[in-house]
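This report refers to the structure that appears directly beneath it.
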């Protein structure tokens, strides 16, 4: 088996689908084209986290049943998508043990009360019943109790950055936590601490809406395995994201001009 550390821009969903337009499908096809993977093994055996379309990743991973050691620049050249990067790989005998997952969300700073958000976030840290802050998956029976290790919130004039660390997460759990904290920061919730206690209880059944997927990135899935990164692929990733940053800065300038002139 080989474990691959991967990154992607969020324009595709993650998990293998019949239509073939997902992160896993693109990586599998590249490995097949290189002759490293047999078609019967095209579905990954294991992964670090399943993400929805719109959610980016810098440190997810996939595990494939394969014997040949891959040359990563060659794999990268075969990827038929410019928003996926195979950053590193390592041969393994057993599946990795996950220590924690780290998500980060970037919110526009609309005069949020950041200190109130920080105070409220402390109520979410620890082991709680998170069913009301997740999307119910009727096809699977999952224990809704999860443990959050830490939540860190920082801000500047334009953005609020929220980092969430946990053992594992329910479907849409991070995005719903973000929406809750954002609404608290906008003073949309009268008694934040009391409401958090309510929404973390099994008696509350209303749930809570999610924030948009586009602000979320899976920063890392920390495991007990160290994976060496390929310098060529890292350069490719940095160049691509730098180009995106420059385009976004130009767009930001245009937006500021329009808003200041009207």
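Glycine is no exception: its Cβ is also placed from the backbone N, Cα and C atoms.
Copied over from Swiss-Prot, here are the features:
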type: ACT_SITE; residues: 52; note: active site, nucleophile
type: BINDING; residues: 103; note: substrate binding site
Expressed in Å to no decimal places, the gap between the Cα atoms of the residue listed as 'active site, nucleophile' and residue 103 (substrate binding site) is 13
Counting other CB atoms within 10 Å of each candidate's CB, the least crowded of the recorded positions 52, 103 is 52
